[in-house]
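Worksheet for the structure shown next.
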Amino acid sequence: MMHATVDGDFEADESQYLLSDTDADTRTVTMTGTQRLCCLSFCIRNFCARLCEGLVSCCIRRRQLSSRSIHIGYQTAEKFPPNVIRNQKFNFFTFIPLVLFEQFKFFLNLYFLVMATSQFIPELRIGYLYTYWGPLGFVILVTMIREAVDDVRRRQRDNEVNQQKYKKLTPHGGSRTVTSANIKVGDLIFVEKDQRVPADMVFLRTTEANGACFIRTDQLDGETDWKLRLAVPVTQKLETNEELFNMNAMVYAEKPQKDIHNFIGTFTKHDTDTEESLSVENTVWAGTVVASGRLLGLVVYTGCETRSVMNNAAPRSKTGLLDLEINNLTKLLFVAVLGLTVVMMCLKGFGGPWYRYFFRFLLLFSYIIPISLRVNLDVGKAFYSWVIQRDQEMPGTVVRTTTIPEELGRINYLLTDKTGTLTQNEMVFKILHLGTVAYGTDTFDEVQAHVNTFFCKDASSAGASGTPTRMRRTVVTRVGEAVKALALCHNVTPVYEDGSGQPPEESQNGDQPHTVLYQASSPDEVALVKWTESVGLPLVHRDLTTLTLRTTSGKLLTYTVLQIFPFTSETKRMGIIVREELTGEIVLYIKGADTVMASMVEYNDWLEEECTNLAQKGLRTLVVARKVLTPEQYTQFEQRYNAAKLSVTERGSRVAAVIETLECDLELLCLTGVEDKLQNNVKQTLELLRNAGMKIWMLTGDKLETATCIAKSSRLVSPNQGLHVMGNVSTRREAHLELNALRRKSDSALIIKGDALETCLQYYEHELMDLAVQCPAVVVCRCSPTQKAAVVRLIQRHTGKRTAAVGDGGNDVSMIQAADAGIGIVGKEGKQASLAADFSIDQFQYIARLCLVHGRDSYKRSAALSQFVMHRGLIISTIQAIFSSIFYFSSVALYQGFLMVGYATVYTNFPVFSLVLDRDVSPNIALTYPELYKDLTKGRSLSYKTFFIWVLISIYQAHFLSLGFYALSIIFMHYFDWNFIKSKDFFWKVVVITLVSCLPLYILKFLRRRFTPPTYSKLEELNTFGSTNMTQPQP
């Protein structure tokens, strides 16, 4: 009863929490409504929004997802989406409306649109139309050109993928070439080895004799393990491909889903009334790559209905935080314009057509809000992007989004992928530990000698003279058994130069070397098999029933594979039962994680300690054990195992229970350590970014153990830092307990699985995020592409901080597009992430320079530039106010026509260019002292404080420059006294006015830097002093 009450309280709290969020959203919308300028601006904004929504709904028809039944060999009558990849933001019809909407949603542009439109009314016109429509039109034109160029480039990149060639099977036994974009549901498509799968397909046939092939899914789920896929047995048994058109068969596929790990379908052959179930093992998803053989598949999903596209987010236009801050400041400037207008009207009086005078004053003071601000900022950002691409310290860097380079200077959270981003995805065998002795890379030659002795001893008589001592013989035996276990307990298949799994006859004796490629579902297993080859026990052949090893003497050892128990994330181990043909000995070999193997092996006092030591070194550990079975034991096990596999209900638990009867009292053979090589300078880069104030989260689709290991080896989690692992959390109570446990741990890194994250977010989203953002590091494993993007949005929503996401695979595209700054790495997983990112780099280590140097320069320069342009508009508007006040508050423009346009563009361009090239600290200082970056994230370079300082400077200078500007403007008027202009009086008056307006400001600036210098100036002095001392000769 109490438990029900607690649950009821939880539900009430959540309802209240959700209600408060809704109220907050309502308040935000209401507040935005009160800030509408006037009825005209309200109508324009709503008209643009409704027009864009209507065009989008007309151009993009939303289709109801449904299941389908496909008759093999026949075209489907139902219409399905085209098989095209489209990353464009616009099309021919939506380009102009969407670009205009994106521009006029900013207050600055909307304000000037209203001002320019008002000039069509004769009573309100105070100047030429081009003085208002010229700058506004130029800004919009530049923006449209930039968006058009970017979208054309996206289209070109999409066409490269959509125009890839594939072979389509025809009813007459041949094949014809089709492009990826022309593939339809129901087509029979060939996919060659190392070729990308163009659409979601059911796997029908393969050239591999065993009816199976491996695929690489790292572009889809981020996992480096190769996945084994099985052809439909009925179609694999056919003699030729053409027989597919003669069989009366149909494939049923469920409606398109986001879940990449499950599939529900059936294969029905009507002429024999046979039906087989189809699972994810019988499918190949779009974006994966065939790693072995050639396959033939039936297309079931195309285009936007494929798993890869459904897990990717639509591209969006990103707006920088600086642009939002400037937008807010322009609203404040508009309030100032209104206030100044009201003051002038109060002084003038409200007699006569006062509303006309009110609007004319509003137009006269509109230069307080500078339309040229957008142009200057866009030109500056284009220059910053060009500088980034030309940086010799970051070769290969490409800026694909030129509107947000300053975002790199405001990053608080960096979210990174693991595989191919932090690591090179290259496994290297490092340690073989036997308990009493351990062998490393420098002592593997001893292992090779022991292996040679072990197999020579087996070949000779046991009592031959010259045998080593008992202790020596024990070490040799233990090493030999451990190496043999590693050579047998795996799912690796050797493939030779001719593409077969059988070695050439002349090389079986070891006389001639031959090139072999190992195929497996995991790079760890390939590393183990390559190591056994290096120490003298290579794998030379494997099929469904046999394994063949070769000793250093050239003798072939053949083993019959009786059973295989594959690795799963639940069991965390894999096993194999083999029978040696020479002796008939039956042995069960098992390898797995130490957490599950520790309770299965015989008692020992070293395993747990050594596993901890290897894990602290960042190595991936595997415990290897064996058990010798008698024929009777195996026969009994086989009977019970087959009976469990035929169970209709609870098949999985019954099979697991039978296997567990063998997994006890195992003989511990060895402990292995494998290193996943990191990218260059990953540790130093992560340390640099942490010192800069960034919190780093790792989001990966890999296993929990692997993610934990990489987090330690890369120093994402420091060695002396605690870990809190959230494993299997499926209920609300478990989530509550885990969060309470995390709350009690201080300075602990959080490692959480994707399904546990979903459960916690379902019930305790706010509490989880409050705790997670306090952790020094967070690792999310078993994370789908959709979850990666959701985590980015959660951080943005709960913290309001700026995020950057970095990845190199297709599974990272959603995360990259959701982040405020997306960084793609060109790596082994292809260029999909690089092409979808805002910034493309070649190595992870470039991120430090990209953010700490170029991000700093871009933000500081843009902040100074925007405030200077506002300062420029405030000066001219203040002078206009002084002029109107002197001449009886008349609403007449002081400067007409091209003078105002020139003032906002040509006449004051040199200060703008100087600010674009400005730099406060050198790149060496920024990288040597990353703590300087923390000041940037606080936004002090552009704040209300700095804004009001610039306002005071503008008012001060405007009062003293008003006469100076007036004097300079008369040069263009023919009815002024030119003799006076040429006189000395005119010259010294202008000089005095300039000195009085500028000199005090420079004095104040000098005094401020003298008594309260910024931090970076002290560091520059320290760095210069240190360099001088180092260059001085020693006595």
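Note: Cβ is positioned from N, Cα and C throughout, glycine not excepted.
Bear in mind that TrEMBL entries carry predicted annotations, made automatically and left uncurated.
Among the residue ranges 365-385, 869-889, the one that TrEMBL annotates as transmembrane segment is 869-889. In the predicted model, residues of the domain 'P-type ATPase A' (171-306) average a pLDDT of 86.
Cα proximity to D812 (Mg(2+) binding site) (within 10 Å) is found for the following recorded positions from D417, F567, R620: D417. Cα separation, F567 (ATP binding site) to D417 (active site, 4-aspartylphosphate intermediate), rounded: 23 Å. In this structure, T419 is the one among the binding-site residues T419, N811 with the smallest number of other Cβ atoms inside 10 Å of its Cβ. Looking only at other Cβ atoms within 10 Å, the busiest spot among the recorded positions D417, D808, D812 turns out to be D812. Put simply, of the recorded positions D417, R620, G701, R782, the one whose Cα is nearest the Cα of D808 (Mg(2+) binding site) is D417. You'll find the Cα of G701 (ATP binding site) roughly 9 Å from the Cα of D417 (active site, 4-aspartylphosphate intermediate).
For the domain 'P-type ATPase N-terminal' (75-133), DSSP puts the residue distribution at 29 helix, 0 strand, 30 coil. Over all protein chains present, the Cβ of R782 (ATP binding site) has 22 other Cβ atoms lying within 10 Å. Take the CB of R620 (ATP binding site) and look out to 10 A: across all protein chains shown you find 23 other CB atoms. Cα separation, R620 (ATP binding site) to D417 (active site, 4-aspartylphosphate intermediate), rounded: 18 Å.
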